[in-house]
Amino acid sequence: MITHGFYARTRHKHKLKKTFIMLSAGLGLFFYVNQNSFANGENYFKLGSDSKLLTHNSYQNRLFYTLKTGETVADLSKSQDINLSTIWSLNKHLYSSESEMMKAAPGQQIILPLKKLPFEYSALPLLGSAPLVAAGGVAGHTNKLTKMSPDVTKSNMTDDKALNYAAQQAASLGSQLQSRSLNGDYAKDTALGIAGNQASSQLQAWLQHYGTAEVNLQSGNNFDGSSLDFLLPFYDSEKMLAFGQVGARYIDSRFTANLGAGQRFFLPENMLGYNVFIDQDFSGDNTRLGIGGEYWRDYFKSSVNGYFRMSGWHESYNKKDYDERPANGFDIRFNGYLPSYPALGAKLMYEQYYGDNVALFNSDKLQSNPGAATVGVNYTPIPLVTMGIDYRHGTGNENDLLYSMQFRYQFDKPWSQQIEPQYVNELRTLSGSRYDLVQRNNNIILEYKKQDILSLNIPHDINGTERSTQKIQLIVKSKYGLDRIVWDDSALRSQGGQIQHSGSQSAQDYQAILPAYVQGGSNVYKVTARAYDRNGNSSNNVLLTITVLSNGQVVDQVGVTDFTADKTSAKADGTEAITYTATVKKNGVAQANVPVSFNIVSGTAVLSANSANTNGSGKATVTLKSDKPGQVVVSAKTAEMTSALNANAVIFVDQTKASITEIKADKTTAVANGQDAITYTVKVMKGDKPVSNQEVTFTTTLGKLSNSTEKTDTNGYAKVTLTSTTPGKSLVSARVSDVAVDVKAPEVEFFTTLTIDDGNIEIVGTGVKGKLPTVWLQYGQVNLKASGGNGKYTWRSANPAIASVDASSGQVTLKEKGTTTISVISSDNQTATYTIATPNSLIVPNMSKRVTYNDAVNTCKNFGGKLPSSQNELENVFKAWGAANKYEYYKSSQTIISWVQQTAQDAKSGVASTYDLVKQNPLNNIKASESNAYATCVK
């Protein structure tokens, strides 16, 4: 059987888009049949009462028998020793049911199997010798065996000779049948059937010998989508078929071959089978093992297949920067047909594959452990044509729609049987599908893995004192070159720090601006970085830990970096304890077995110990108890620390009285503008329960409270706000009537509004203050001045490529023509900005080497600029910026003699003028053809 298939596939998300069914005429396949190639595949028949009927699944081995008067199907079954189920399997397409067949009347036809020739000779004919041929009949009607004439025994026998010989045998058979007891109609039908079968027996035998072929040709796109599959029987008996199957396909620009073998075991009503396949993707060098099982019945097929990779990771054939390997998986398939309407069929399949990035639908949509369910229907109006539609729905709401049309031409069947609807039923029976191809996924589903084409590593964490600038060491490996690094420094920015580019030419030159040290709080910040290359690929996320030390701490010092209590209050009963934990690190690394001393700074309480050693995690603990109500402050210190680190104050309370158990401020700094408020929250408890409607009295050393007294709510909380118009530090205290002792909140500080004075910009080269000049000297520097806030500033630039800024000093370096914003953040988290406007022009000295005048002109032209129009233009630059070597970039230059544009007279004379940006010294009549000056360009 040769099958031509044509398919159209559409992919869609949520909705199915319009699709078109591609139809095409099948390609004709012609065979030249050589007698020698299949002489040993002949069927030999003898008709006699001593032989038994054997079933066979090919039409040429079946007999169309006409019932005689008084004869029934049951009579034939008994007399010929044929199971009724066997007769029914051959006649399903002629009768609507088995009972209808049993009622067949005289004159109606019944298909019966022919009998095979037993071995009556010492050996079968040798290849190429004359085979013995007998006509067909039923048991009890013996025909004598006829030997082929010498003319047709030669190995070069032609098809015409074979056909003529078959006709002669048919004529001889006709005369013999007329003399038998069979009726005339039967003799006529038998003679005609045998004659026709003999005429095509050579071709049929060849096709049966070579099994089933299925071809799908796609003419477009260099035949992408085409395939060929071939099933070859090795051994074929009534109850068992052993076969091999080979296939090849060219799909998605990959050439894949399949080689398998299996067995099918036929029972009266069903078939059980197994198969093993090796799949080889020659384009991508992928190998896979497939193991499958089959269970078929009339009008029903099912199969299960497992797929197991035999090759590992290697560079992908068609997916750039990825490795690939076969994905392990399985599928379960069901196909069913309506016995009452066999032209209509249904399909159900589930498939599952395993891996992190599996391309079940396509290589552009990678999924983790994807699965998909497929439902489909097909329609076969005649055996020649089958049309179908499949819908597949999978993981991630992926959808797939497949329209198909197959043209199936069976060379072992007459043309009339391939275009008549009544023969469709035969295709759906177990006997009719005996040689069908194994139902499996012959395409190798692949799993992908991104290659390590870009990696980022930060080998060292950062430890530094507050508000310092620390260089970040980065190690980048990139296949396509580094484009940028994206940082998530939100935790650092929330406290006034940041990660910024240093302004150099390197894309990986970054620095960390450390925020102010938070007394009693966490001073460890987690920052992540991700690198991107020039092709848009990204690296893994890399974590950088930044530890901020107070000014009293020293880098490389073994010191307490965090000191906290497990709660803010406890009972003043001498029993309930508050536990303190001190964390000791050196350059951000926890230090074990370090002695830590503890002291009570204020208040009355008792420590469990005056010192303790750190454990393996760098932590030392101590407990605190008191039998007197009040606030207590405890400190911790290592031997290398010059000053101790205080923890936040805790409160011991009398449980029999309404007491303040907690007081806190929402921030520690604010602007002294009378509007920026700090909110204080006090909690009042008695025993273990909050006290409502309790009056709390507040006092402050600076600023204005929203109220001097507030009553607690149902949860025991009372709140007030504090504002100030005067800069300075403020201490707020709270008290309740039952306890005569004040409870103090953490100290806060008010600052004036942070501003940048854009009219007081200092030019580094001249010391002159004022507005920023509108003509820039590249790499010229200016100092910005901020005022207000807490006086501790962190500077940053929105675009360091235009103008970078020193994070601590506010010194700006001008680099390229453009605009950017400079920001300053004070430790009280105020922010002020200054926008640098695009200059009218940028003076760019090219310091690589001295060049001729014409080379200088070309250099500036390539740069997108031109030479200065005159010496006066450069003189104005000198007046605005001073000597160029006053700036860091030019500090090693003793002179920067620069060409200026020639006048008409200069051009005639071959001379030009120059101007020195370090020493001024304007010169004229300098020979233009010699390398006497630099190319300083105006952009």
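Placement of Cβ uses the backbone N, Cα and C atoms for every residue, glycine included.
Annotated features, as they stand in Swiss-Prot:
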{"type": "DISULFID", "residues": "CYS860-CYS937", "note": "disulfide bond"}
{"type": "DOMAIN", "residues": "63-112", "note": "domain 'LysM'"}
{"type": "DOMAIN", "residues": "560-653", "note": "domain 'Big-1 1'"}
{"type": "DOMAIN", "residues": "660-751", "note": "domain 'Big-1 2'"}
{"type": "REGION", "residues": "40-153", "note": "region 'Sufficient for homodimerization'"}
{"type": "REGION", "residues": "40-153", "note": "region 'Peptidoglycan-binding'"}
{"type": "REGION", "residues": "40-212", "note": "region 'Required for periplasmic localization'"}
{"type": "REGION", "residues": "189-430", "note": "region 'Inverse autotransporter'"}
{"type": "REGION", "residues": "750-939", "note": "region 'Required and sufficient for interaction with intimin receptor Tir'"}
{"type": "REGION", "residues": "842-939", "note": "region 'Intimin receptor Tir-binding'"}
{"type": "REGION", "residues": "842-939", "note": "region 'C-type lectin domain'"}
{"type": "SIGNAL", "residues": "1-41", "note": "signal peptide"}
{"type": "SITE", "residues": "TYR889", "note": "site 'Implicated in intimin receptor Tir-binding'"}
{"type": "SITE", "residues": "LYS891", "note": "site 'Implicated in intimin receptor Tir-binding'"}
{"type": "SITE", "residues": "ILE896", "note": "site 'Implicated in intimin receptor Tir-binding'"}
{"type": "SITE", "residues": "TRP899", "note": "site 'Implicated in intimin receptor Tir-binding'"}
{"type": "SITE", "residues": "THR903", "note": "site 'Implicated in intimin receptor Tir-binding'"}
{"type": "SITE", "residues": "ALA907", "note": "site 'Implicated in intimin receptor Tir-binding'"}
{"type": "SITE", "residues": "LYS919", "note": "site 'Implicated in intimin receptor Tir-binding'"}
{"type": "SITE", "residues": "GLN920", "note": "site 'Implicated in intimin receptor Tir-binding'"}
{"type": "SITE", "residues": "ILE926", "note": "site 'Implicated in intimin receptor Tir-binding'"}
{"type": "SITE", "residues": "ASN932", "note": "site 'Implicated in intimin receptor Tir-binding'"}
{"type": "SITE", "residues": "TYR934", "note": "site 'Implicated in intimin receptor Tir-binding'"}
{"type": "SITE", "residues": "THR936", "note": "site 'Implicated in intimin receptor Tir-binding'"}
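Taking the features listed in Swiss-Prot, we show where each one sits on the structure.
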residue : record                                            : Cβ contacts under 8 Å, 6 or more apart
TYR889  : site 'Implicated in intimin receptor Tir-binding' : GLN778, TYR779, THR813
LYS891  : site 'Implicated in intimin receptor Tir-binding' : ASN885
ILE896  : site 'Implicated in intimin receptor Tir-binding' : PRO845, MET847, ALA884, ASN885, TYR890, ASP916, LEU917, VAL918, TYR934, THR936
TRP899  : site 'Implicated in intimin receptor Tir-binding' : TYR853, ALA856, LEU867, ALA912, SER913, THR914, ALA933, TYR934, ALA935, THR936
THR903  : site 'Implicated in intimin receptor Tir-binding' : none
LYS919  : site 'Implicated in intimin receptor Tir-binding' : ALA883, THR895
GLN920  : site 'Implicated in intimin receptor Tir-binding' : GLU875, PHE878
ASN932  : site 'Implicated in intimin receptor Tir-binding' : ARG850, THR852, ILE897, THR914, ILE926
CYS937  : disulfide bond                                    : ILE843, VAL844, ASN846, THR859, CYS860, PHE863, GLY865, LYS866, LEU867
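With a cut-off of 8 Å on Cβ pairs spaced 6 or more residues apart, the domain 'Big-1 1' (560-653) and the domain 'Big-1 2' (660-751) reach 3 or more such pairs and are scored as touching.
Mapped onto three states, the DSSP output places TYR889 (site 'Implicated in intimin receptor Tir-binding') in helix. Broken down with DSSP, the domain 'Big-1 1' (560-653) shows 0 helix, 54 strand, 40 coil. Under the DSSP three-state reduction, GLN920 (site 'Implicated in intimin receptor Tir-binding') is assigned to strand. Here the recorded positions are CYS860, ALA907, ILE926, and the one whose Cβ sees the fewest other Cβ atoms within 10 Å is ALA907.
DSSP assigns CYS860 (disulfide bond) to a helix. Considering other CB atoms within 10 Å as the measure, the emptiest surroundings among the recorded sites TYR934, THR936 are those of TYR934. Per-residue confidence over the region 'Required and sufficient for interaction with intimin receptor Tir' (750-939) averages 90 (mean pLDDT, predicted model).
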